[in-house]
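What TrEMBL records for this protein:
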BINDING   91, 365, 366, 405, 406  FAD binding site
DISULFID  298-357  disulfide bond
DOMAIN    136-150  domain 'Glucose-methanol-choline oxidoreductase N-terminal'
């Protein structure tokens, strides 16, 4: 079945009314925007939620009071008489009925409360009653496998009874690789997370995160800023010694990050069970830059960042004697990921853009895949080969643009909720 575009757009607006806001235009974010336009990432699309080529300001989940909004706000739409929310209840396994049926039928779950006590909950009789799994990209394939739905060899290795051999569960795992360049600033930088976005048309998103005082211990107000990225990179002040700039360890760290993300990565990975204990994280491999085109797109993204940093619009936020090669070396010298640092002859030379991409790649938490439509679930998000079971979350998605996927997954929840209600009314 194809998508109902009208219902999808209506569902986006339904989400936006509760959790999306227009961010303020600070000087750092404005300089990055103007720099993107100056180097040809056009047109200027202004403030918009649309993902179209050019430069824009996108939405934020922080309102004008600095309060953060989440999917929980959407419960305001719910009828409290027809919904029950169990807090601190974690589902450990889905139950199936297999005797006397042509295919497994989901009929309940095993969950544990906050004390660890196990409980069982069963569906009421009736073909319209079903279980909907929304445990996320890592949780949904893990839960299916723990319940006996997945690659049989992997399940048997964990002594899990195979309900259905489904080799695609946990396969097709994707994450948009992210690389950021840290840019010390001679002037204060406002606290901001992601606001300006440059969609290059070459397969990358370029964005900016700023922070007014790295290491200064101030309050961000919004609760999230470039400090979150700084926590991943943690460059030392002694690394900031440039030709004419000397920063002591007591001096505040001013600056921010300009980052690039590869949209819809072609590199694919997989998820495997580590143990049969639901509390143990699965092993996930995303294989960043396994496909050479992803690495090429990252290089183009880094080149775009270089042009922005060297633009006239951004000049006031960059030390004049600090080359882009220096910024790459500064960022590459920090413990970003577990790949071994360069060593030996030539280790002190400026990294190539390719090496920079490979050695500083990190996640921006855009995980998707593992229960992809057409492989694990059908077009109505029903698990293929099993009755009364659906998966509705980002694990079903096989392509994600460079944008944060949270609006899309919230839209998907509302979209499918409306479709399911319509189905129930039709089948009465």
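Every residue, even glycine, has its Cβ placed from backbone N, Cα and C.
Recorded residues residue 406 (FAD binding site) and residue 298 (disulfide bond) have their alpha carbons 23 Å apart, per Cα-Cα distance. Under 8 Å, Cβ to Cβ, and six or more positions away along its own chain, residue 405 (FAD binding site) finds 366, 368, 394, 397. Minimal Cβ crowding within 10 Å, among the recorded positions 91, 298, 357, is found at 91. Here the Cα atom of residue 357 (disulfide bond) is found 17 Å from that of residue 365 (FAD binding site).
Spacing of residue 91 (FAD binding site) relative to residue 298 (disulfide bond) is 39 Å (Cα to Cα, whole number). One residue stands out among the binding-site residues 365, 366, 406 for having the most other Cβ atoms within 10 Å of its Cβ: 366. Residue 298 (disulfide bond) and residue 365 (FAD binding site) are 17 Å apart (CA-CA, integer value).
Summarised by DSSP class, the composition of the domain 'Glucose-methanol-choline oxidoreductase N-terminal' (136-150) is 11 helix, 2 strand, 2 coil.
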